[in-house]
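TrEMBL has this to say about the protein:
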type     : residues : note
TRANSMEM : 25-48    : transmembrane segment
DOMAIN   : 41-290   : domain 'G-protein coupled receptors family 1 profile'
TRANSMEM : 60-82    : transmembrane segment
TRANSMEM : 102-120  : transmembrane segment
TRANSMEM : 140-159  : transmembrane segment
TRANSMEM : 197-216  : transmembrane segment
TRANSMEM : 237-261  : transmembrane segment
TRANSMEM : 273-292  : transmembrane segment
Amino acid sequence: MEWGNYSMYADFVLLGLFSNTRFPWLLFVLIFLVFVISIASNTIMIILIHMDSHLHTPMYFLLSQLSIMDILYISTIVPKMLVDQMVGQRAISFAGCTAQHFLYLTLAGAEFFLLGLMSYDCYVAICNPLRYPVLMSRKICLLIVVAAWLGGSIDGFLLTPVTMQFLFCASREINHFFCEVPALLKLSCVDTSAYETAMYVCCIMMLLIPFSVISASYTRILLTVYRMSEAEGRRKAVATCSSHMVVVSLFYGAAMYTYVLPHSYHTPEQDKAVSAFYTILTPLLNPLIYSLRNKDVTGALQKALGRCLSPGR
């Protein structure tokens, strides 16, 4: 469908992450390695949690869901970007851009909600340890996971149709490496200010709701830790939640820059760098942070490697 210089359902062109770098193939190799390590480490995390009975707890069940989200999240964006660099093409169809946009919003939203709800698990483990089996029962764990996926899906179903129904200009060049909302809206030939305001409010709510849960949980945790008389108890309490705090800080910080900070403070290159951080590096860092800082996971990995290397098994 076309009107003069305007068109709908035509292909877009992704300018990519490699266009302004002096060594595009070096960056290509680095991103490929990050992608492979991210997929492998998250897959290992899921397998360990499934195989080791010591990891059959609510916290590790939620971590396995986080790993699934990270695998899908990075797979939505990076393979397309790497293939385009290899074959020398940058086009993405309207349907492909819509699908990528929807999956990105759904998975990012689901991860926001899951990280927020995981703070509740830390709160119960430290502040109500005797009631932990009741307050974090299997049913509640399933509800947490369903709520996270449902929240992300609602975000995708609400924003994707509205974003993709705008009339886009003839150039259709997206100055980004995937179909992210702010980069797409810059191509619109019509006024999108009302939608941008609504999306801004929506993003604030999506960040505010889980962030409120995180803030309330960690406020109670800090008060409980402060009242502990034993240094060993304090150390264990901090170790229980420190990994989660690091992951939340990384993911939420990058998202707040992209969707909350006014556009006047952004440049296209900064946007791409921040987006690369939370779409490419975060799925790599999450399993490393949780595994390297967790004796249960490292112990399960050592046992699994021991079984594989044992000549009698």
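Including glycine, each Cβ sits where the backbone N, Cα and C put it.
Because TrEMBL annotations are produced automatically, they should be read as predictions rather than curated entries.
A quick note: this is a predicted structure, and the numbers were derived from the prediction, not measured.
On the 0 to 100 pLDDT scale, the model's mean across the domain 'G-protein coupled receptors family 1 profile' (41-290) is 85. Listed by sequence, the residues of this chain that lie at least six past the ends of the transmembrane segment (102-120) yet keep a Cβ under 8 A from its Cβ atoms are 59, 62, 65-66, 69-70, 72-73, 76-77, 144-145, 147-149, 151-157, 159-160, 178-181, 206-207, 209-211, 213-214, 217-218, 241, 244, 247-248, 251-252, 255, 279. Cβ atoms under 8 Å from those of the transmembrane segment (273-292) belong to residues 17, 31, 34-35, 37-38, 41-42, 44-45, 63, 66-67, 70-71, 73-74, 77-78, 104, 176-178, 180, 243, 246-247, 250-251, 254-255, 257-258, 298, 301 of the same chain, restricted to positions at least 6 beyond its ends.
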